[in-house]
Structure formats: structure tokens, C-alpha cells
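Taking it in order: structure first as C-alpha cells, then the write-up.
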Amino acid sequence: SYSVDDEEPLPSLEITVPRDLADGFINNKRESYKFKFQKIFGQEAKQDVIFDSIAKPVAECVLAGYNGTIFAYGQTGSGKTFTITGGAERYSDRGIIPRTLSYIFDKLQKDSSKVYTTHVSYLEIYNECGYDLLDPRHEASKMEDLPKVAIMEDSDQNIHLKNLSLQQATNEEEALNLLFLGDTNRMIAETPMNQASSRSHCIFTIHISSKEPGSATIRHSKLHLVDLAGSERVAKTGIGGHLLTEAKYINLSLHYLEQVIIALAEKNRSHIPYRNSMMTSVLRDSLGGNCMTTMIATLAMDKRNIDESISTCRFAQRVALIKNEAVLNEEIDPALMIVQLKKEIQDLKYELALVTGKQRTSELSQEELLQLDELIETFLEDNDPGSSLDVGADMRKIKYCFAHMKVFFLNRDESQIMNRPMTSGKKLLSQDTSEEKYSNKEAEEELEKLKGLLQQRDNEINILVTMLKKEKKKALDALSQLNATSAGSTVLEQSPSMSLEESQSPSRCFSLKEAKDFSSSVPRPPFLSRETGGKMSLGCQEAFEVFKRDHADSITIEDNKQLLKQRFDEAKCLGEKLNEVRNKINHLKGKMIQRQIQRAALAVSNPSAELTFDPVEENLRMQIEEEKKSYKIVYSHFKGLKVEIEHLQLLMKKVKMKLQKDFEVWWSEEAKKLQV
């Protein structure tokens, strides 16, 4: 259904739509679609090839001080999340984000000419609401518990994200841990098109600031790595309920993204609808702004998905028409600016003192204040309208005169109010009385409102008490029925009725207090409740072991365990080898120092003898250099192995958490079925 032509300057993809026989012999539908791209990757392309071709040039521009964006677009199940984030099974399946982090921190470590600071943020947009996936204050059990991110816009139309935290990452390990923390909070669900479909748009941003020592300019750059949720045709997938609501929001936000891109491609368009959705507002710089943007179009080349693939290619062609103007982001260091301004103020003070011949202080002296008081008093007593108050070109004196005049006029107004006739006082009294009546009326209305609210709350409490009594009666009936059928059994497997209660409430034996909490204990599994401290009951443990054994990810966990053990053994061998090389270098250095001491002693005892070339010392020096080269090679291998081990540990943790969440869902569903 498709063919790739790599021979042209720009490789092209041709998609062939098979003729539908049901349309008859006269069919004018287009059968062939041809699209050109800068690079086309096949289904067998490796992740490192994708990174070298797409992400590496953008990462280099970000390190140079330019903004960058990489985003993946395509239908559900076409491989966007795998391309951006990577797979959870093998180390070689790492996506663009972890590889970019490794590349950036490796470059920063090698570059000692500048001082770098790196921060990361992780934003999730789910159903047009933004959430901070890296919230440091608490661990959220549900996505709704995460802090909501709001969009703020300043007078220069710059976008600011309120409640989105910036976490500092000093090395690759810290950055990967933050990435893993954000991935565990992402919204993922199973759809007919994809078993683990991303139901939200996620934007992982790396902020880099660089400054040369002694320089006054700072460079700021940011790299957006965007994983868009997949578009899908609801009529084709047949989803409903909660998944349908998610699909509506996803398709709507992608529709607004397409509107923005169409508007940017038109030359004479004055208004760009960025504010239609949160995603287009956040990516304003990336789309037609100060940014170097790369788009990855992912296609599911299957006969059922030909229409979606053509639509994705058309969207990519529209994106290619946008022209961004990326500029170097440099600004003056604010701290240095403050120092320069302070120095300038001091210099101006010295110049002013030279011109006036007087050294000015921040406050006026007592003599100057007395002189000013006399001048003001003379000015106020003078009845001549043409008189003036001359205090010189000193702002301190001018401000003091204004403050003195203000106090004078305030005192005069108060004395005039006190000397008003009695009639005005009666008017004021009547006015106060009317205001008091008005305030009493407001107080009565407020009291009536509060009474109504209190009555409403009383009614709600009565309803809740009635419901609690009913629930308590049901729980006690269930408890008595259980005691009647199996009086002494406490273990799950010994009694069918106990099995039912075990699935509903995970504790091993019942008490009256547990019976009261019967209904509240059903939907939440025991190992995730805070009251149990993470401990499972006996029946729940056995169910979890069976669930884990039959789960699809159990093979992945075992494979990663074996690989991790193998890598640990390799790291141990490399560590022993490093110690051997280090000891050998120290031994050779000791021998060389001893040789140098012997030669120095010989030169002291026989000053007339000339110092000649020592082949033994030169041989020792060459051996040390060779061992140092060997040490560097082994250490670089050891360092790479350490990164791989840390990544494998994160993958293991991620798979285990997914397994635990799947068991929680399964346990809740089984409990509800048994309750029904």
C-alpha cells in the first residue's frame, strides 16, 4: 500500500489507495498520494538512528542558546510515545527524551568554559486541564490530586504557567529520576487501537542557562519534547463512556492545533487562534515563533488506517510551510546590572558634590530644617499673591516643603469642620441615623440567609445519618449471616462465604468496627490503603502472586532481572580491573619518584657530573601513560554500564508499579462483582 523513494534530494512517500469495487466501473477517486519529507524511517529503524537524525541537531542548537521543539503527531497506536519516551523492556529502546538528557549532560560535563544550570518541567494536558507531573509537595494517588496549571499572559503577550514547578537537575541521574516520576503519573488507558494509549498531551521541557565567567550576558534556552495524544475516529473504534469523553477532548485540541498551523501557513492572516486551547497557548513559541521546531509524523501503514495515514501526511506538509525565526536568547545578568547602576549613582553623587561644593547626605540637617520652617511660615503669612518660595534645586527640600504644606492644610480643614454651625451637625446626625437603619436592614437580610443555610445543612445531616443507619444495619446483617454460616473460619480458602468477605474487606478476621466500615473498604485494595501501611492480607497476597504470574509483563520483569544481574557482574569485574590499574599506576609512580630521588642524591654527591638522559625513568613514564589510557577506556565503559544499570532499575520500577496498578483495578472489579 506504500512505497519509499530515497533517491531524490528529498525522499518521498507514495501511498496507494486500492480501488473499491463497490463503487462501480466509473470511479474518479484519487488512487495515489505522494508526500515529500526531509527524512523517512522504516519500521525497522533503531532508536539511536532516530535520535542522531532528529534530536541531536536540535539539542546542539539548544546548547548554543536557541529554543527547540520536537513533537510527534499521528493516530493512536502509531508509535508516538515509543519514539519520544521509549519502551520499557530493553535499554536499547530508550526514546528521544532519555537520549537527549544523556547527550546534553555529557556535553555540559565536557564544556568547562561556561557555567551551566539546568531545570526540567513536565506538563500534562488532560481534557483541556493542565497538571504538574513533578509536584514536589506530595505524592498524588490520583491525577486529580496533582496541582492544576493555569495560563497567565503578560502585557508583552508572553505565556507564563502558574503552578508548574521547575525542578533543578545537576546530572543525568537526577533528570532521569524526574522523568520517571512524571511518567508514573501519566494518564494511560486501553483502547481498541492501543493497549496502553496515552490519553493526554505531555510536554517535557529542559531549561538551560549558561554564562561565561566574568561575562555580563546570560544565555537562556529551552527544549520542548512533546508527546501528543493520538487522534482516532470514534466511529471506527467504537469506544464509549469515559474513553469517548477523552477522545472528544483529544480530537478537539488536535483540531485547534491544525487551525493554528493553517493560519500560520497563510501569508496575509492577521489573527492566529492560539488561545483556543491550552496546548496551542503553551506551544506558541514553537509554532511560528522564536524556536527551531522539528515534527515527527508516525504512520500505521495498514490497509485499515490508510485514510488516517494520508491525513497525518497532509498535516505534516502544512507544518513544513511554517517559517520560524529563531534568535539567540541573550540578556544582561541582573546582578551585574544592579552593581553597575549602584556604581553609576555613586559617581553622579561625587560629580554633584564637585559642582555644588557641598557633600549631600540622604537626610537634611537640623539647621536646614529650621531654615525651611521659617521660609514656609514667611511664605504663608505673606498676603502678596506674587510671592514665591525659593528653596533651590534640592529635591529633599522640595519634598519637605510639600509635606509641611499638606499637614498645614489638613489641620486647617479639621478646624473648619469643628467650627461649623449646629444645623450641619443635625444634618450629619440624621444622615448617620439613616445609614444605621440601612445597615440594620442588611444585617437582618444576612441573618435570614444564614438561617436558611443552617436549615439546609440540618436537612443534609439528617439524610446522611439515615443513610449511615441503613449501611450499618446491612453490615451487621452481613456479619451475623457470616457468623451463622462459618463461625470459626478466618482463612480465605477454608470457607466460600469467607472468600466473599475476604474479597470485599481484606483483613483476615472481622470485628464490629470493620463491619461498620464494610462499604467503604470495598473499592480500595488493601495494599494501597494508608491505614494498613502497605501490608497485604493473606488472601490478597495469594491473589497478587497468581495475577503477577499470569500477567503479560512478568516475562519482561524476569528478562530485565537477568540482564540487570549480568550488568552488575560486568560492573563488578570492571571495578576490580579499575582498582588493579590504579594500583599499578601508583606502584609505577612510586618507582619513578624513587629513581628521581636516587639521581638527585647522585647529583649532590658529584656536582661535576652532568645530568644525562635516564632511559629507566623514561620507560616508567611511558608505562604510566599507557596505564592511564587503559584506565580511561575502562572507566568510560564502566560509566556507560552504570547509566544502563540505572535505566534498567527505573524500567523495573516502572513495570512493577504498572503491575500493581493493574492488580488494583482487577481487585476492585472482582470485589464489585462479588458484592453484586
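Using N, Cα and C of the backbone, Cβ positions are placed for all residues, glycine too.
Just so you know, TrEMBL annotations are computer predictions that nobody has curated.
Bear in mind that the values here come from a model prediction, so they are computed numbers and not experimental data.
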Coiled coil per TrEMBL - which of 210-255, 440-485, 532-577: 440-485
Other CB atoms within 10 A, centred on Gly77 (ATP binding site): 21
Gly74 (ATP binding site), number of other Cβ atoms within 10 Å: 25
Cβ packing number for Thr76 (ATP binding site), 10 Å threshold: 23
Long-range Cβ environment of Gly79 (ATP binding site), under 8 Å and at least 6 residues apart: Thr298, Ala300
Gln75 (ATP binding site), number of other Cβ atoms within 10 Å: 21
Rounded mean pLDDT for the residues that make up the domain 'Kinesin motor' (1-322): 82
